[in-house]
Amino acid sequence: MSKTHLTTDKFAQMGLEPEVLAGLESKGFHYCTPIQALSLPLLVEGHDLAGQAQTGTGKTLAFLAATFNYLLTHPLTKPRLINQPRAIIMAPTRELAVQIYNDAESMSASTGLKLGLAYGGEGYDKQLAVLEQGVDILIGTTGRIIDYFKSKVIDLSNIQVVVLDEADRMFDLGFIKDIRFLFRRMPPATERLSMLFSATLSLRVQELAYEHMNHPEHVQIEPEQMTGVRIKEELFYPSNEDKMLLLLSLMEEEWPEKAIVFANTKHVCEDVHAWLENDGHRVGLLTGDVPQKKRMKILEDFTKGTVDILVATDVAARGLHIPDVTHVFNYDLPDDAEDYVHRIGRTGRAGKSGHSISLACEDYAFNLPAIEEYIHHPIPVSKYDREALLDDVTAPKRVFRNRQPVNRNMRDRQGGGNSNNRRRPPRKS
């Protein structure tokens, strides 16, 4: 794996406690990413921090290392009840909360500090049993944390560290009232270490930092381009009739090792999933109403490689760290220009290259000007030969459509792709 995304700064130079370093090094982390190198010296000194960094820059490891380090170096000066965690880490989604928890386990093992997890959708009693035993660091979503707080399962009056991850996403999802409710139940900002991370430090995020933090230092990690220099962007203008066949043809030509296909609605995601599955791809579906256990299993399968393609709404566009994604397909151009950046940011991470392919169809092409204005450059356009799209595709039985795909010959972009009408064999299960 390329190390070009790392700095020459080592975690051992950051002033971290030996137990924290042991947890990092047990997972092979020795050198810092830019956000870690900039933020950890400030956090170790006890400064609050508001950091701007995209997902995949190493910010999770930065705030986890700082949290564990602070708790080790600042023992409580008064007795703590068993229902009083010492640190709280808030995330916008269940998947991100679970991911943070998993990333924290190595430092938990090396420091002896106990972790708790709280998120909605499932596992209330199981999570409750852990919390009732007492935890040092509580990681979770705001809604479930408030449920436990109102039930007096947890008490926030002894919080020493608070982390708010993906703050901009919290606003998007309408969780800011919950966040303010929780902040007001904690000790004042001058009596705790506070960290906020966000992909964008918008005015509303800065106001939140000003309101609930103690003169935070601002750290900003700007990509060389809004969309990342390692991501090859490509745009097609298909008709609505050609759109699905073009996606299938591109899948056949690119044959991605690991791809995410984004669509704007649940129903379109289900449609795309059915077509891809019917065409022999190993594909998973991730939308907002997929049951939690199934969501976690799909993400696990996708991460392990037993599923090659994930079809998703924007529920997966932010927060989740899914390594080694080679391709992102925007089947629908997003309505929010910022979501375009978050979507294609799933690839081209950790020093690797990636490929983003967007379809500007009749329904969503009008979103393109705002996207290109936001990213400060036009997306390169590729043409396709509609006579060269796949001609051996049939609609899946469970998808009801007014028209059937028109038989066409071959599938390439101006001469590329497989020759002699050969199809790749279906992916092996």
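Glycine is treated like the rest: Cβ placed from N, Cα and C.
The annotation motif 'Q motif' is assigned in Swiss-Prot to 9-37. Beyond the motif 'Q motif' (9-37), the same-chain residues lying 6 or more positions past its ends with a Cβ under 8 Å from any Cβ of the stretch are 3, 44-45, 51, 53, 57-59, 61-62, 65, 68-69, 72-73, 106-112, 219, 221.
Residues or ranges marked as domain 'Helicase ATP-binding' by Swiss-Prot on the basis of sequence analysis: 40-219.
The ATP binding site annotation in Swiss-Prot covers Ala53, Gln54, Thr55, Gly56, Thr57, Gly58, Lys59, Thr60. The secondary structure of Thr60 (ATP binding site), as reduced to three states from DSSP, is helical.
The average pLDDT computed over the motif 'DEAD box' (165-168) stands at 87. Marked as motif 'DEAD box' by Swiss-Prot: 165-168.
What Swiss-Prot lists as domain 'Helicase C-terminal' is 243-390.
Annotation source Swiss-Prot lists region 'Disordered' at 399-429.
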Would you say which of the binding-site residues Gln54, Gly58, Lys59 has the most Cβ atoms within 10 Å of its own Cβ? Lys59
Tally of DSSP helical, extended and coil residues in the motif 'Q motif' (9-37): 16 helix, 2 strand, 11 coil
